[in-house]
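> In case it helps, TrEMBL gives these features for our protein:
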DOMAIN    74-176  domain 'FAD-binding FR-type'
BINDING   R125, Y127, L142, K144, M151, S152  FAD binding site
Amino acid sequence: MMGQVEEGDEEEAWLQLRPVEPLPSQCCGSGCSPCVFDLYQRDLARWEAARASKDRSLLRREETQSCPSKLSPETFLAFLISAVDRLTKDTYLVRFALPGNSQLGLRPGQHLILRGTVDDLEIQRAYTPISPANAEGYFEVLIKCYQTGLMSQYVKSWKAGDTAFWRGPFGGFFYKPNQYGELLMLAAGTGLAPMVPILQSITDNAEDETFITLVGCFKTFEGIYMKTFLQEQARFWNVRTFFVLSQENSLEQLPWSYRDRTHFGRLDRDLLEELVGSCRRKPFALVCGSAEFTKDVAGYLLHAGLAEDSYFLF
């Protein structure tokens with residue numbers, strides 16, 4: 001009888017160590033490899049092997065590092081928040097510390113996965129750092145918060161000195177200098193994020209002669225992110241910026257420098273065809289925004305004569 005009790009206790013102990021299957025909310029939906037569900041299957045296989053051999057040591061793994069200098073696509077690592085700046089009523093620029101003069105190790109346009117917990121529910125979302133790929137000692141992320149968003153509740157609670165957990169890098173677009181004649185960047189809202197490090201890597205490289213047309217779609221002029229940065233970039237010989245504002249209707253309310261490169265309304269098929277036609281070389285398009293924006297723009301690009309291998313959807 002005693003042996004049966006001990007065996008039952010042992011079984012219960014192993015069951016408590018069994019990995020918990022992720023909820024759908026824990027998947028960021030960005031096609032990451034490995035996905036959170038891939039990691040669950042890996043951990044489940046590890047647990048089954050340990051249970052079969054009755055060796056719990058097989059379940060041990062390295063503890064999370066504090067402020068590591070190297071990322072891991074499989075393991076969430078802790079990064080210290082050094083500053084939180086509110087850019088608009090619902091958008092934050094958050095700076096994370098890296099030890100010494102170390103670099104994050106992302107290529108321009110790659111993204112990370114953020115893990116958050118709200119009301120005991122773990123959630124994960126993908127974000128692209130906007131800091132230069134060669135930034136030393138820090139990286140920055142632009143995050144838009146939504147009133148009913150779970151991750152937004154988590155981000156709004158951040159303050160300097162807090163810790164957030166990231167894994168990565170991920171992303172299927174890898175830019176190489178002079179790879180394309182012209183990059184047509186089509187960004188809606190925080191979809192600007194992956195464009196920024198790619199743009200800066202080009203203007204920082206005197207030998208990269210790629211033309212860039214950046215089209216930023218926002219609701220209002222006040223809502224345009226990173227105006228100073230974009231103005232500075234537009235001074236380069238190979239860069240031009242264009243804005244599409246859906247909730248403005250008067251040019252007189254805009255600074256003179258914006259009036260000849262701003263369109264009111266939405267980015268539609270006719271406007272995109274005009275933008276493609278105005279490119280100085282055959283463009284390769286980069287698209288980032290909401291799922292609806294991305295789907296619509298992909299269709300517009302095909303209508304404008306760009307084949308599917310002539311654009312990338314973030």
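The backbone N, Cα and C atoms fix where each Cβ goes, glycine too.
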> Return the count of C-beta atoms lying within 10 angstroms of the C-beta of R125 (FAD binding site), excluding that atom itself.
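A count of 23.
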> On average, what pLDDT score does this prediction assign to the domain 'FAD-binding FR-type' (74-176)?
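Per the prediction, mean pLDDT sits at 90 for the domain 'FAD-binding FR-type' (74-176).
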> Across the listed FAD-binding residues, R125, Y127, L142, K144, M151, S152, what is the farthest Cα to Cα distance, given in whole Å?
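The span, Cα to Cα at its widest, is 13 Å.
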> If you skip the near sequence neighbours and keep only those at least six away, which residues in the chain come within under 8 angstroms of K144 (FAD binding site), Cβ to Cβ?
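In sequence order, D90, T91, Y92, G189, T190 meet the Cβ cut-off.
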> Taking the centroid of the Cβ atoms of R125, Y127, L142, K144, M151, S152 as the FAD site, which other residues of that chain lie with their Cβ within 8 Å of it, listed in sequence order?
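Everything else in range on the chain: L114, V141, I143, C145, G149, V155, T190.
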> Taking every protein chain shown into account, which of the binding-site residues Y127, S152 has the largest tally of Cβ atoms within 10 Å of its Cβ?
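Answer returned by the neighbour count: Y127.
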> Under 8 Å Cβ-Cβ from M151 (FAD binding site), six or more apart in the same chain: what's there?
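Residues satisfying the criterion: L114, G116, V118, I123, R125.
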> Within 10 Å of the Cβ of L142 (FAD binding site), how many other Cβ atoms can be counted across all chains shown?
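L142 (FAD binding site): 22 neighbouring Cβ atoms within 10 Å.
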